[in-house]
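Now, the feature entries from Swiss-Prot:
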- Asp495, Asp501: Mg(2+) binding site (BINDING)
- 562-621: domain 'KH' (DOMAIN)
- 631-699: domain 'S1 motif' (DOMAIN)
- 699-721: region 'Disordered' (REGION)
Amino acid sequence: MTPIQKTATVGGKDILLETGKVAKQAHGSVWVRLGDSIVLVTAVSAAEKKEGIDFFPLTVDYQEKLFAAGRVPGSFFRREGRPTEKETLTSRLVDRSCRPLFAEGYSNETQVIATVISFDQENDTDVLALTGASAALHISDIPFGGPIAGVRVARVGGQLVANPTLAQRAEADLDVVMAASRDAIVMVEGGAQEVSEAVMIEALLFGQAAVQPLLDAQDALRAATGNKARRSFDPPKNDVELRAKVKALTWEKVKEAYGRNEKHDRYGRLSEIKKELLQALKDEAAGDAAKLATIALREKEIKGYYEDVKYDYMRKMITDERRRIGGRGMADIRKITCEVGLLPRVHGSSLFTRGETQALVATTLGTAEDEQRVEMLTGMVFKKFMLHYNFPPFSVGEVKFLRSPGRREIGHGALAERALRAVMPPEDQFPYTVRVVSDIMESNGSSSMASVCGGCLSLMDAGVPIKAPVAGIAMGLIKEGEKIAILSDILGDEDHLGDMDFKVCGTAAGITSIQMDIKIGGVTRDILEQALAQAAEGRKHILGEMAKALSAPRGSISAYAPRITTIKIRPERIKDIIGPGGKTIKDITARTGTSINIEDDGSVSIASPNQDKVEEAIKMIRGLTQEAEVGRIYLGTVRKIAEFGAFVEIFPGTDGLIHISELSDKRVKSVSDVLSEGEEVMVKVISVDRSGKIRLSRKEALADSAKKSEGTEPPKGEPAK
């Protein structure tokens, strides 16, 4: 096959889509290039459907090869290891964008693999993977309803930029990744520095317009590859008569169940209705072995019709009756309770409860040694702020094995972390490494938003001087024709059965994090404006409830948290603190029980829960790094006697020479006539040359002391007063 290339211009830069050159045995493969960043994306789908499942078995893997940036992995085996957080999050971005576009009922195992094979240190590769996934699926025979395309939108200096460079992103106050089709925004994920709702909407619409050339390029690529026919598959059965019977037997019962407030009560009743449905159909077929056998064979189909009844009733209840599960109104938020400081030995803690969703959140303050070190294409990255989200099975009343965090947990944690990172203090004001852990105690929707709220309270309880409190709210959308309902603080059912999951986090001043997944087309600007305005009102209500527990950061950190003090020394004196083989710094940390971190610029951070120990370590460091001042008088110790003079230690590690002529104003035959080793002597610094050699004078020190009527002897190693 001759390689085929198509180019699209986005944000003033060309993006190349190429197929037919590599990975030709994949059902679809596309090479995507922006600058010198290249991502290879492949799509393969099994020939036969996977039996016995009620979901679409799609797997998306995004992987970054370190050779792409000219780096050798730092692991023992020098191979890439488990996926990094960025790889996991990018895999989720692609999955969330593409999954809703596959044909309903298609259940063949499908895998999309995006591999970064070149990285130019300027153009990020996540949006290339997103566009490449759509292109690979679009040119294949897999029943995919694309194309879509990905773009990153940033606001730099007040101007919106499509696919900004890494340098531009560092200066941006808004940074979102989004996927869009010709007429709809499909997915949004990003953060901001307290921007307004109007700015966010402009960014989303700007991004949707920016991807249109990429959609044209994908259509052109598909046409050039022969417009492969989509493979056929068995669509879901639709027995109109059986569907109507299921509805007749369950509609009123479902109506009653959705009026129950308590989650497990409601779920229990809905499960009972399903059993009653199957039993009613079996009773109707009693005595007819063939009908009974048919019901047994079609049980999965019957359950599917029952799920459709639940779906239809809940949406009708919301759009027609303007009533939600449990009787709430469209903008109503569940009851909120907050508690802080409930874990006595933890640096900061909170318990945030909203309805039947509850998060127990703890904050730990650490030192620079606790930073997370991550090897990435851009080099070694150090994270000083982390938020980890855990979703144990007991939170939803289930029994499961406890495993390491999955993609969902990593994604929820990243969303909450991004929301709070925007208000974290700069390192020079608060030099701590901060770890926030959110454990979900119970869940019925919006647990990631509970983590944001609980995380904010926990940070304030720990005394972290955040810029402003942050809250999060999950919004939903039900759209039936012209009937539209926008829901605040959605439940799990409303998320599952709705058309949009829209999470918005921020302060009273603006948005700090956003995540949106839209399952339908045609979400207009008016709908986005209404949803964001309603989210802002809900966010402010939640902030008010949080303020009842704690309205601002505590004035001091926990008694059990390390106290960090930072001092500055001359960079060339760093070696004096470290000592040969680290001997000196190890001795200081062992004697004081402190943790010491030294930066190349001479910043020295000393940490310990005991402030007295910090001061002790500072005194030792000051002693090692003091600079001799010309004209100052010091009390020193004679370390060595020579024919021409004496070497005197004026403070630890720093010696100077008293020439024999500077011992006294009288002639001295031998140095040993005046001084002996180990003797303390008052000396004055008379010069320090370029190489750092110090000349001392005893006679000038004595003369100066005689002139002072009330002079006092200085402490050893310190200047005389």
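Including glycine, each Cβ sits where the backbone N, Cα and C put it.
As a whole-number mean, the pLDDT of the domain 'S1 motif' (631-699) in this prediction is 90. For the binding-site residues Asp495, Asp501, counting C-beta atoms within 10 A of each C-beta gives the highest total at Asp501. Mapped onto DSSP helix, strand and coil, the domain 'KH' (562-621) counts 32 helix, 16 strand, 12 coil. DSSP states for the domain 'S1 motif' (631-699), grouped as helix (H, G, I), strand (E, B) and coil, give 8 helix, 36 strand, 25 coil.
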